[in-house]
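Here's what Swiss-Prot has on this protein:
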type: TRANSMEM; residues: 13-33; note: transmembrane segment
type: TRANSMEM; residues: 54-74; note: transmembrane segment
type: TRANSMEM; residues: 81-101; note: transmembrane segment
type: TRANSMEM; residues: 120-140; note: transmembrane segment
type: TRANSMEM; residues: 211-231; note: transmembrane segment
type: TRANSMEM; residues: 256-276; note: transmembrane segment
type: TRANSMEM; residues: 286-306; note: transmembrane segment
type: TRANSMEM; residues: 314-334; note: transmembrane segment
type: TRANSMEM; residues: 349-369; note: transmembrane segment
type: TRANSMEM; residues: 377-397; note: transmembrane segment
type: TRANSMEM; residues: 399-419; note: transmembrane segment
type: TRANSMEM; residues: 439-459; note: transmembrane segment
Amino acid sequence: MGEMASLRSHKNGIIFILDIVLFFVLLNVLPFEPKANSGLALLAFIAVLWLSEALHVTITALLVPLLAVALGLVSTKQALVGFADPTIFLFFGGFSLATALHIQKLDKLIANKIMALARGNLFIAVIYLFLITAFLSMWMSNTATAAMMLPLAMGILSQLDREKDHNTYVFVLLGIAYSASIGGMGTLVGSPPNAIVASNLNLTFSDWLWYGLPIMIILLPLMIGILYIIFKPKLHLNFEQTFENIEMNPMRILTFIIFPVIALTWIFSGKINPFISGLLGLQKNIASFDSIVALLAAIVICSTGVASWKQIQSNTDWGVLMLFGGGLTLSAVLKDSGASKILADSIVFMIDGQHFYLIGLLVAAFIIFLTEFTSNTASAALLVPIFISIAQSLGMPEIGLALIIGIGASCAFMLPVATPPNAIVFGSGQVKQSEMVKVGFLLNLVCVVVIATMGYMFWLK
């Protein structure tokens, strides 16, 4: 392991040095205005680091404002304003809610209660397992959901013969990983790429539901169907149910009240915001209302003792929030320097005149297979602003390509390293990489077609 770490460190060092060389070469040889040259050189430097992960993606995100200021592209205040974007606080509220569910064991309680409805029928239990995983991933991190659901699944599968029923094991375990990824598409707080798209296009929580939820509802049964066709699991069996006994107490009841109230306020913010603004005597609706609700959620959760600040702190992925900030700063710098227009015009030159559906297919295939090897959050942070500019240059609705990038970034099903849920189920030792690649490649292709088709029919018009 030490030798592998040393090799990786050596490789990352070489990539970093070459990236610095590339940065200075581009800064001095690009034929555009000095400001645009600086923006493009910065983009190339950050892109190499984000895609190669030669530096941790969060550290790379923190380099964005530092270099933007050093290059004279923005002031310090402008460089850091992205780190206080309302979407960051909305996502923080999502982390707070997820912490409350986890600390009070309501995630397990929900899973156990619904699984009990299967009454020992394996087929029904497996379908419930996938649906619960997808639902919880809409509100919790995909990683935490997959990690929580894996022991529940293994408890059921332990009653089967590992050799004889190997395909059933693979069907269930891959189904959990993929359900977690697909479920994360459903809400704005479900997955970081969703929030990156929303922050670039000023989408609210309820706006996102119109885009993410239909894709989730379409992909979930398609995923289950593909897994079933390929692995032909034996699901006609019965099993004995043994679940952890989690009793209701005042704190759990309070959490059960807080969670739906906050979720429904986000969903119906379009109606609730004017009502509350009127009650407060405000002339206009509260701006970034979803983020204000998210802050209220964190305050209520802490002040009622449902979860402590330390627990929220340790369950919040601060690196992801910093990555949001770096991505938003990069987006603003590219736009202000003219770099995004130059880049967009170059790509438009190659694809101008092509059918919008073909463009959607190409973009979906590009992002889905790219995120098999790169961080989906970093890829979205890098590409969403660029593809918004490309859409504008092509005369397409800017939301179309941005949504294809944002949702496609969550569709990495082929490799264990592609997403944490994939890695978690692969780590069980019951799934071979060849099995994941086989079904994942097919599922990736289905996602390309579904996302491009939905994009063409509803987002690119």
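Using the three backbone atoms N, Cα and C, a Cβ is placed for every residue, glycine included.
By the Cβ criterion (distance under 8 Å, sequence gap of 6 or more), the transmembrane segment (54-74) is counted as touching the transmembrane segment (314-334), at least 3 such pairs being found. Contact between the transmembrane segment (81-101) and the transmembrane segment (256-276) is supported by 3 or more Cβ pairs under 8 Å, counting only residues 6 or more apart in sequence.
Only residues 6 or more beyond the boundaries of the transmembrane segment (377-397), in the same chain, are considered here, and those with a CB under 8 A from a CB of the stretch are 46-47, 50-51, 53, 57, 60-61, 192-193, 196-197, 200-201, 320, 323-324, 326-327, 330-331, 334-335, 340-341, 343-345, 347-348, 351-352, 356, 359, 363, 367, 370-371, 404-406, 409, 459-461.
Per-stretch counts of Cβ pairs under 8 Å to the transmembrane segment (349-369) identify 439-459 as the leading one among 13-33, 120-140, 256-276, 314-334, 439-459. Using a Cβ-Cβ cut-off under 8 Å and counting only residues 6 or more beyond its ends in the same chain, the transmembrane segment (256-276) has close neighbours at 93, 97, 100-101, 106, 139, 188, 204-206, 209, 285-286, 289-290, 293-294, 296-297, 300-301, 304, 306. When Cβ-Cβ distances below 8 Å are used as the criterion, the transmembrane segment (314-334) is approached by residues 39, 42-43, 46, 56-58, 60-65, 68, 73-74, 78-85, 87-88, 91-92, 95-96, 98-99, 102, 141, 192, 195-196, 199-200, 340, 343, 377-378, 380-382, 384-386, 389 of the same chain, each at least six residues removed from its ends.
Distant neighbours of the transmembrane segment (120-140): 94, 97-98, 101-102, 107, 110-111, 114, 146, 148-149, 152-153, 156, 171-172, 175-176, 179-184, 186-187, 189-191, 216, 220, 224, 233, 235-241, 259, 263; these residues of the same chain sit at least 6 beyond its ends, with a Cβ under 8 Å from one of its Cβ atoms.
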